[in-house]
Amino acid sequence: MNWLQQLLNGISVGSIYALIALGYTMVYGIVKLINFAHGDVFMLGAFIGFYAITVLHLGFIPAILLTMAVTSLIGVLIERVAYRRLRNSPRIAALTTAIGVSLFIEYTTIYVRGAQPDVYPDLFGDRVIRVFGATTRVDTLVILLISVLLMLLLQWIVHYTKIGKAMRAVSYDADAARLMGISVDRTISWTFALGSALAGAAGVIFGLYYTKIDPLMGLIPGLKAFVAAVMGGIGSIPGAMVGGLLLGLVETGVSALGFSLFRDAVAFIILILILLFMPQGLFGKNVREKV
Amino acid sequence: MTKRTWPVRGRWLLLLAAFLFVLAGCGTGGKGTSDTGSPQASTPSGGEAAKGEVKIGLNLELSGNVSSYGTSAANGAELAAEELNKQGGIDGMTIKLVKQDNRSDNAESANVAVRLMTQDQVSAIIGAATSGNTKAMIQLSTENKVPVVSPTATAASVTVDEKTGQVHPYMFRACFIDPFQGKVAAQFALNDLKAKTAAVYIDSSSDYSKGLAASFIDTFKAAGGTIVAEESYVQKDTDFRSTLTRIKDKNPDVLYVPGYYEEVGLIIKQARELGYTGPIVGGDGWDSPTLLELAGKEALNNTFFTNHYSSEDPDPAVQAFVKAYKDKFGKTPDGFAALGYDAMYLLADAIKRAGSSDPEKIAQALAETKDLQLVTGKISIDENHNPVKAAAIIEFKDGKQTFRTKVQPE
């Protein structure tokens, strides 16, 4: 059952991309900014989770909740300090700032703890589950479950809460929303908080799944998640989820066919093709409630 | 007349050195090595100039990103020199070590070599720990006719010019070279593990990994084995599952992964997760405690790697060295320490046979080294200035490195 095994591999990678891609897409939907520091919030999440588990001896669920709380604060802080003043400046200024913030976070982390990798503890043991001949570890299933739960939770927040409504309104037309008495600043802060919390959760999940974390780990997953967000149609929440899963499956497929060295190239070729032929992405066209 | 020349890069340093020398007021105690007009200066350094003493330079990575390599090698060399001096030196000549730090930097390694060869007038240099830092000394060693013995530089191009195939006359090493490890690993897989089929998983961003893999494949095929899969990854990859699933499907008797510990740790862990239970074999790039952290004890069972030596080797010579090193430095010597120690003894043997501290005679004697018993094995220097010696196979048992066997070159 080789294909089933590969499918499981692909979905696991894809759900991590999807979680990160959600943060990109939400922020883009609301402030039209590609937040390149997002991959580094993901990295910080991995380290916060690591210290929560090893130093504070928290279990998996408390650790992931604590991480999400801290990274959402970091996200709000980044927006407040670096992006808010640039909201009305040319977009290139904000983009350059985002890259600056990204490098700042990476190298501050290296300065504080060094560049050597850390190793996540094994929380679920080596228990292996066999499904139709494919083998998977318990934590892979837990990871999938958590990812799906978080995505459902996000859908609920966006569609059925007041802040979600505000987010959709600001994304649709910020000026009109302001006239209706919605605090645009607060809504944007909330968006950054939600996106960063998801990135933090993705960081912990990544650590558990791949074991090794280091200060530059956010770079490639961050870029891939960006590709996933563009693929699904940047600004669209379902698009980010589908884009993430699709990218994970495509990458796994490429390796499964024996072209593992082309894996990353394929991801970026897809990005270029989509930008050329479908600039709106898969879900970017007729989705009205962009967030 | 031995005329010493300096490359442009080293000249400013030399000027500075000369200036300091003048300031210090003939700091070497008036042995007359600085005056170019005097007859002594035309004779090679050491010997006649400084009676009863042979100066050996250490050009090692004592700081910088691979400082653990250089520090271990320096400890090993110092221990060896101390032991030799206690036994009355080499033919009555006391060894005097001149220890210099190259800060793990190629340019600084060349600077240090210039200083050692021209100012300190050493008879030979031990260093450097990495191939890159050692290669920075090739030209200087030829120009100044001072032999350089690297304890641990494994790249073939350290002693042989890859383009012309010519041997660098003054470059030597105490360790085996990269292709040899692949050959030994293949022999071990065929003879000890009784493997008929093998899969190779290569780090395509590293020459080291590609070199080991190529010689593994050649040896394995030549002995009638089949390579069922040849896959690649690049450094910093974290997801190997899809490729490993592919490899597992081919059902190889042995999986050869000649990479560095950061990726290998993850590969072993993920391979075991996917249900591959067969033996996994690698090279000395595995030798780090981080490998154990990444892969975990369980996953590491039934894995093996080739290394320069094992501190668990029951050989009395090895155990005597391990004990002496522990007494002096308080920790178990790693491969770098053992090779630093061996480099010193290799040099001492050559100096003894040369009967003088003349660098050229030492170089000649080094090239003629035969059947010298050292901690990392009995070595002979071949025509390419590489030692022919045995490799140790290390096996992981419940997370501990244990000595499995020694494989002799054929």
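Here the Cβ of each residue, glycine as well, is placed from N, Cα and C on the backbone.
Database features (TrEMBL):
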{"type": "TRANSMEM", "residues": "A:6-26", "note": "transmembrane segment"}
{"type": "TRANSMEM", "residues": "A:59-78", "note": "transmembrane segment"}
{"type": "TRANSMEM", "residues": "A:90-112", "note": "transmembrane segment"}
{"type": "TRANSMEM", "residues": "A:140-158", "note": "transmembrane segment"}
{"type": "TRANSMEM", "residues": "A:188-210", "note": "transmembrane segment"}
{"type": "TRANSMEM", "residues": "A:225-249", "note": "transmembrane segment"}
{"type": "TRANSMEM", "residues": "A:261-283", "note": "transmembrane segment"}
Are there at least 3 C-beta pairs under 8 angstroms linking the transmembrane segment (A:188-210) and the transmembrane segment (A:59-78), leaving out pairs fewer than 6 apart in sequence?
-> yes
Taking residues 6+ outside the transmembrane segment (A:90-112), which of them lie with a CB under 8 Å of any CB in it?
-> 32-37, 39-41, 43-44, 47, 78, 82-83, 215-216, 218-219
So what's near the transmembrane segment (A:225-249) in sequence-distant terms, Cβ-Cβ under 8 Å and 6+ beyond its ends?
-> 7, 10-26, 28-29, 34, 38-39, 151, 154-155, 158, 171, 267-268, 270-271, 274-275, 280-285, 287, 290-291
